[in-house]
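Visitor: Sharing a structure, written as structure tokens. Questions coming.
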């Protein structure tokens, strides 16, 4: 049976490439909207979709068909039908867009942190349905948490889809109310809401996604796909040393070890000698593949599978980083970072031990010292060696990883210099690395 989501067409790979994070609260319609986007851009297998629609009809849940596209794709992936990590993509007139980390994953917020560090742009999905909207941006709302995260991770390009407009009868007043509240939140985070597109959509009915809807005559702006076309692809840092955080590793019979990840900086070519750290194992690149197509070389932004000779699967794990022996990725003994405390019930002091999520790695860490507290607006120090910091504070801190992990200065390698601290199932803080004290690494 064909995969429900089609691989990129040859035309797609000629276009500039953008990684899109789809964020928002549970049940606000992210999966349905992604399914709809894939369908509208010709990336859903018609035969497989018909099967799904018939199944949905049988149980009286026709509205579920688009969301089920992703469910079906996830099942295929779990059964090993598709290798691609968690990436699906679609094409607009000007761009090829990869959706990173599909919504609905139980570790979505955690993945958001690792995933969004790869995002060039974000689609924020918010439901106009009374009750759902308020829950999403309330103090406990995931919608709110996701916006804080994409801000901290440096995502500048955002579009807001005000979804489920069909449920509120395409009421302009409700749309304006949602827009005003979300704008307030965006402003608080330092975005300029006047530069962000808000679009009234219905993922289920298809309003304003590919074509202008007659149901919203009061809306004169662009469609969702038109806004995507206005996104600027990032400058890809090809001239920096190679860094590729590893997302996954597996063995293919007859081929050997394959590591999957996204090239963040530098260039990787077939035949290159590479090193994977912290384990400090050296190997050679046999082949590189992206979306089932062979590549001679990979550049920043490429999501790839790399067949490595000389390195065993058990020597490598998610969170390790692939580089070159002449510029080995830095394993951190200690880091100095600027953090913002997003949520904490009491206060944080020296000795606090959360879990750090950095690129694709997850490690236990300890805050060893609070160096200074900063004024969030100016970035100037207002207090040296504070005893504690609390929610809303910005501070410079020293952090010691309790297990080996690769970490780089944010100014050198942004994707490897951004992190989140988590505890109690919540994101406590997000930060940027200012200094790294390197650990000794013996290349084997």
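Every residue, even glycine, has its Cβ placed from backbone N, Cα and C.
Per Swiss-Prot, the features are:
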DOMAIN    15-238  domain 'tr-type G'
REGION    24-31  region 'G1'
BINDING   24-31, 101-105, 163-166  GTP binding site
BINDING   31  Mg(2+) binding site
REGION    80-84  region 'G2'
REGION    101-104  region 'G3'
REGION    163-166  region 'G4'
Visitor: State the Cα to Cα distance, in Å, between residue 165 (GTP binding site) and residue 31 (Mg(2+) binding site), rounded to an integer.
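Guide: Just about 16 Å between their Cα atoms.
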Visitor: Where does residue 24 (GTP binding site) sit in the DSSP three-state scheme?
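Guide: DSSP call for residue 24 (GTP binding site): coil, neither helix nor strand.
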Visitor: Mind tallying the region 'G4' (163-166) by DSSP state, helix then strand then coil?
Guide: 0 helix, 1 strand, 3 coil
Visitor: If H, G and I count as helix, E and B as strand, and all else as coil, what does DSSP give for residue 30 (GTP binding site)?
Guide: helix
Visitor: With every protein chain in view, what's the tally of Cβ atoms within 10 Å of the Cβ of residue 24 (GTP binding site), excluding that atom itself?
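Guide: Other Cβ atoms found within 10 Å: 26.
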Visitor: Taking only the Cα atoms, work out how far residue 24 (GTP binding site) lies from residue 31 (Mg(2+) binding site), in Å, as a whole number.
Guide: 10
Visitor: Return the single residue from the binding-site residues list (27, 30, 31) that has the minimum number of other CB atoms within 10 Å.
Guide: 27
Visitor: Measure the Cβ-based neighbour count of residue 165 (GTP binding site), defined as the other Cβ atoms within 10 Å of its Cβ.
Guide: 30
